[in-house]
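Everything below concerns the one structure shown next.
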Amino acid sequence: MNTILAQQIASEGGVEAWMIAQQHKSLLRFLTCGSVDDGKSTLIGRLLHDTLQIYEDQLSSLHNDSKRHGTQGEKLDLALLVDGLQAEREQGITIDVAYRYFSTEKRKFIIADTPGHEQYTRNMATGASTCDLAILLIDARKGVLDQTRRHSFISTLLGIKHLVVAINKMDLVDYREETFARIREDYLTFAEQLPGDLDIRFVPLSALEGDNVAAQSANMRWYSGPTLLEVLETVDIQRAVDRQPMRFPVQYVNRPNPDFRGYAGTLASGSVKVGERIKVLPSGVESSVARIVTFDGDKEEVCAGEAITLVLNDDIDISRGDLLLAANETLAPARHAAIDVVWMAEQPLAPGQSYDVKLAGKKTRARIEAICYQIDINNLTQRDVESLPLNGIGLVEMTFDEPLALDIYQQNPVTGGLIFIDRLSNVTVGAGMVRELDERGATPPVEYSAFELELNALVRRHFPHWDARDLLGDKHGAA
């Protein structure tokens, strides 16, 4: 067992008291990104090592692994704490997204270590999609590179507002202040083109030697700012979803017995309380909240991010993929939208193609109408293209098969973010972020044949646990 952890548990008065204290700490999700060999995995290993998060058996194993796979000579290769795949260790690179967890007295952390190679940009986008902060590593010898720009743009595109530019390997440039100042100026010049109001901070460090990671460096007395760990512990994360209206995508209809019917999911934004009037989209039917069931029992009110089951006062037709919002809110369903896309498939994205798309719990089909432009990562300019290649980032116009309740991604990532799924292979081939909604062309009501209506009624009557929707949109429930 970790000796420091044992001391912390003892100081809190036992395991139960320690666990309660952990629950009340704030959580920060962050990722490390940047160009290949900039030291991302080594930095995470250093954070884990210097915050005493490594168990004795892990440390012993690390000594042995460093001798077999290490790239640092006689020193501990801290990157091996994170690079777990055999191919990663053999090549000395990160391929998959690796997640690590640690905590200090002030905060809990979830780290996503993302790959630096261009061909794994899609893995990096996956890691960034759930993070609040990005650490962008820059090799002090190389300065700002294409992958640095690419990862910076993807991070901001995915809604990350806090960027920490960690200028690493300062030991290899003799800890020179002018090197740090030059790279800082270069990055700030580039960052003027990034979207959004960003909080950008700079820390000169050496992940290998531990300078300015968890402790102040004696080699860079010219730097008087906080260490990287101090930045992570004190940064104030303001989540946009906390200030947005209530959105609750239904993930699952929970019906363990005939006397209970609840709608499970994670509250995407805002808050909801018992007695509040809510509206269901797309049907528009209204009801009120009777109970809010959580893992810790019933609650009177919950906020964004909590996993809950809502029980309503009325037995109405609600299925997976429906969206619950406050009754006084208006959210017009849209069939057309402009979507920022990070493309992840070998086959390019081109106009005329159709894909399954998944938005929260909702799955439908969409058609690519046009590729507006592709972003040139080198200078963030827009260029006309006929298709979007693997790892390409651009803006596309799409039409959905049915009207969808969507939000702008920067306002609500859950109800404004979607993934593209290949209809034949069922493989995720792209990620999309809603930029603009186009409510043109009101969709005429769908006309169903007599056979379709009879079959729908039969299914709802004899198989109520399937939660089939009434095609005519009646307000009575399926049960």
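Here the Cβ of each residue, glycine as well, is placed from N, Cα and C on the backbone.
According to Swiss-Prot, the domain 'tr-type G' annotation covers 25-239.
Annotation source Swiss-Prot lists GTP binding site at 34-41, 113-117, 168-171, citing sequence analysis. In three-state terms derived from DSSP, K40 (GTP binding site) belongs to a helical segment.
What Swiss-Prot lists as region 'G1' is 34-41.
Residues or ranges marked as region 'G2' by Swiss-Prot: 92-96.
Residues or ranges marked as region 'G3' by Swiss-Prot: 113-116.
Sequence annotations record features per position, and here Swiss-Prot assigns region 'G4' to 168-171 based on similarity to another entry. Each residue in the region 'G4' (168-171) gets a DSSP state, and the totals come to 2 helix, 1 strand, 1 coil.
A mean pLDDT of 80 is what the model gives for the region 'G1' (34-41). The 10 Å shell around the Cβ of D37 (GTP binding site) contains 18 further Cβ atoms across the protein chains shown.
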